[in-house]
Amino acid sequence: MFKPLLTGLAVAAGTLALTGNALAEYPERNIQGTIQWGAGGATDNVVRSLTPHVEEILGTTIVLTNRPGGTGVIGMNHVMRQRPDGYNLLFGAENPQLYPLMGLADFTYDDMHAVNIIGQGLVVIATHPDSPFDTFAELLEYANENPGELRMGGTGAGGLPSTIHAMINAVGELDVRTVTFGGDGPGVTALLGEHIDFMPLSLSAVAEQIRGGRLKGLAVLNSEELEELPGVPPITEALPDIESFLPWGPFWGVFVHQDTPDDIKTILEDAYQQAVASDGFQEFLENFGGTTLNLSGDAAQQYLDNWQSVTAWSMYEAEAVETSPEELGIPRP
Amino acid sequence: MSDTFSYLLMAWLDPGLLGLTALGVLAGIYIGAIPGLSVTMAVSILISFTFAWDINNALALMVGIYVGGVYGGSRTAILLNIPGAPSAVTTAFDGYPLAQKGEAGRAIGLSTVMSVIGGLIGVAVLAGTAPHLADLALQFAPRDYFLIAILGLLLVSSLSGKSLARGIFSVALGATIGLVGMDMVTAQPRLTLGSMELLGGIHYVVVMIGLFGVAEAFYQLHNMAKVPVKQKVDKIIPPLNMVLKFLPLSIRTSIIGVVVGALPGTGGDIASLFAYDHAKRTVKNPSTPFGEGAYEGLVAPETANNAAVGGAYVPMLTLGMPGDAVTAVIIGALVIHGLNPGPMLMIETPHIFWFTVGNLALANIFLLVFGLTGIRIFSKIVEVPKAIMIPLILVLCVVGTYSLNSNMMEVYWMLGFGILGYWLKVFGFQMGPIILGVILGPLLDESYRQAMSSVGDRGGDFLLALVANPLSLVLTTVIALVLLGNTPLKGWLVGRFQRN
């Protein structure tokens with residue numbers, strides 16, 4: 001606990017002696033990190049694995065606090081209201097890009113500065129081993145013959161399954177009953193107990209269940225088969241048109257207040273770039289079922305814009321939302 | 001087999017692990033005793049702290065904190081009528097009256113021994129039946145959780161005290177508070193009055209600290225002049241015949257605890273409510289009437305909430321699915337340490353399972369040691385003059401609430417609930433049923449909508465499902481019997497039967 005503090009002091013003293021620039025002292029105290037999702041979730045796991053690497057580089061302690069609730073609105077709102085001095089970081093997932101569309105809040109990540117888009121999760125549509133379906137194509141065929149009969153696990157409007165459902169409906173048709181759970185965990189539990197028939201889930205939530213034979217994959221949301229899940233066909237085999245939305249996945253990122261001084265933004269961007277690329281974190285992310293993005297600056301902004309436009313328009317085309325993305329100034333992909 | 005045995009004893013034989021478990025238990029007791037400081041929070045802070053440690057060391061510390069923390073909630077419940085955690089709410093019902101009679105030391109001693117018995121039964125069930133219990137837990141469909149929530153609502157008759165009407169009102173109030181926030185299905189705000197802060201709902205611990213902590217502190221102002229009872233501190237460790245007398249009850253309530261704990265949708269808080277209700281229904285001649293300092297009312301929740309710890313580890317270790325919030329964080333810790341929590345965990349890394357079992361047992365032994373030492377000093381808390389104690393309680397309530405989510409808004413809510421709770425107390429309302437509503441309201445809402453959408457929103461199919469599945473049929477029958485036994489319907493039916 002004291003070691004990073006001492007190193008921090010040493011680094012601070014060193015830079016002070018070299019440059020004499022007041023701003024170069026950053027960070028001179030602990031940084032507050034707000035995680036917009038609860039303890040033990042995917043975002044929480046990613047952030048808590050990454051943070052020790054960043055602390056080592058910055059030579060300070062990052063105090064992490066979970067502020068879950070309202071699909072992340074509460075955590076993000078909190079960080080946006082703090083002083084723009086670079087001592088308050090937001091760790092978030094993809095959801096804020098859809099806030100205005102869902103009518104949850106009038107801000108998105110455009111109202112903050114992206115320090116780093118860490119990585120992206122892979123998505124797999126899973127079912128229980130006793131299910132009569134072996135591929136997503138078989139499930140689609142059955143659903144078309146028996147509309148409104150299969151039970152799909154969901155996590156509520158704006159959640160990952162609802163977005164995937166919207167994408168499928170934008171290019172095809174899937175009429176099912178949606179059973180809503182509080183998150184991936186309760187959904188997977190219901191799937192294990194065969195209380196639902198299938199559920200689109202992030203790979204990190206189901207990889208172990210599939211490997212252990214407790215669940216089986218019907219399709220991966222990708223245009224090719226994944227190395228991590230041999231034998232699970234890409235979704236494009238069942239729905240070739242969905243290719244236009246790919247690659248798509250939930251992502252995790254680090255953000256600061258828009259008005260943070262540029263020097264500090266640069267220090268943070270460099271630190272996170274290094275930390276995400278570190279061997280230790282790379283090993284974790286691979287094991288966790290995610291892919292590295294490590295984007296900052298313009299590349300990060302471009303990624304965020306593209307993600308927002310693809311997702312918002314597919315949801316609108318599938319009539320999952322009433323507000324037109326056009327009214328919110330989100331261009332067509 | 002010898003491998004299993006060596007994994008089991010790993011924590012007992014390694015001085016480092018032994019020390020970390022002991023440290024965890026000790027820290028957990030104090031974290032648990034302070035309302036607002038939760039085990040979930042402590043364990044998630046530990047994740048970053050123990051990042052570079054060996055996984056066994058990190059797990060030993062977390063197990064210690066978990067076991068100590070669940071027990072610690074009873075301390076303040078008994079001494080101050082302020083439960084340190086939701087799972088200790090029912091402990092206060094009979095624990096605090098005991099302290100008022102000068103038996104705080106005896107109450108803490110008994111609750112310690114009973115917690116350890118409950119904890120060890122939980123560990124034994126975990127070790128012996130984990131895969132089977134996990135499969136049983138998976139059988140619970142949304143409709144079964146709905147039935148459990150209904151069964152839970154019927155506990156109102158046990159928790160209401162003298163006026164059932166006030167109790168029912170309180171449950172409804174609690175359930176309404178529990179429904180505030182974003183709708184889970186549609187993501188639309190519900191009862192938030194347009195406030196962004198309320199989108200996340202009102203945390204039930206905020207309600208609990210307000211209703212029990214602040215309201216109690218205000219209420220104490222009524223009897224400022226009352227001289228605190230002199231505490232008897234000579235008979236702290238309960239005699240063997242007393243422990244043996246309560247053993248049958250504690251075994252029953254431990255089983256309730258471990259099963260409810262193993263269900264991924266319910267935890268120690270609901271387990272302790274069911275256990276208290278069970279004690280009230282089955283014990284015909286308690287030491288004193290329930291609510292006035294019955295030992296049985298202390299034994300039941302304390303055994304159940306500690307047994308629920310073993311239960312919560314069942315789905316976590318066998319399936320990689322959390323049994324409660326704490327095990328969800330521990331799963332995160334395993335992931336960060338490069339392990340793969342899932343169905344393969346027990347096959348590929350069996351030492352994690354047996355190490356945890358042995359470590360949990362060890363933590364319970366430390367709980368016995370730490371729980372029984374220092375009781376004399378703790379009992380004296382009851383003798384502290386009110387003019388010193390009340391301000392201290394208020395400060396602790398504010399600190400505890402703020403530390404929950406570092407949110408000032410929640411502190412204001414907590415104070416608001418304190419004032420509301422004070423007036424409710426003045427007019428003879430009980431706080432227990434409100435907490436019951438806050439805990440069960442969301443479960444009822446969630447499970448009902450899941451069950452309904454599972455059958456395609458057809459009411460007839462929904463009702464049919466409640467009796468067409470074996471597990472649901474059992475729960476429905478229990479509800480019917482409880483309803484029959486608790487309402488005038490029984491007398492009426494019996495009367496009709498006799499006339500014929």
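Count begins at 1; order follows the chain as displayed.
Placement of Cβ uses the backbone N, Cα and C atoms for every residue, glycine included.
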Annotated transmembrane segment segment (source TrEMBL; candidates B:163-182, B:323-342): B:163-182
Interface present between the transmembrane segment (B:107-130) and the transmembrane segment (B:387-405) (three or more C-beta pairs under 8 A): no
Interface check, the transmembrane segment (B:202-221) with the transmembrane segment (B:352-375), three or more C-beta pairs under 8 A: no
Stretch in B:20-53, B:136-156, B:163-182, B:411-441 most in contact with the transmembrane segment (B:462-484), if contact is a CB pair under 8 A: B:136-156
In contact by Cβ distance (the transmembrane segment (B:20-53), the transmembrane segment (B:136-156); 3 or more pairs under 8 Å): no
Model confidence over the domain 'DUF112' (B:19-436) (mean pLDDT, whole number): 91
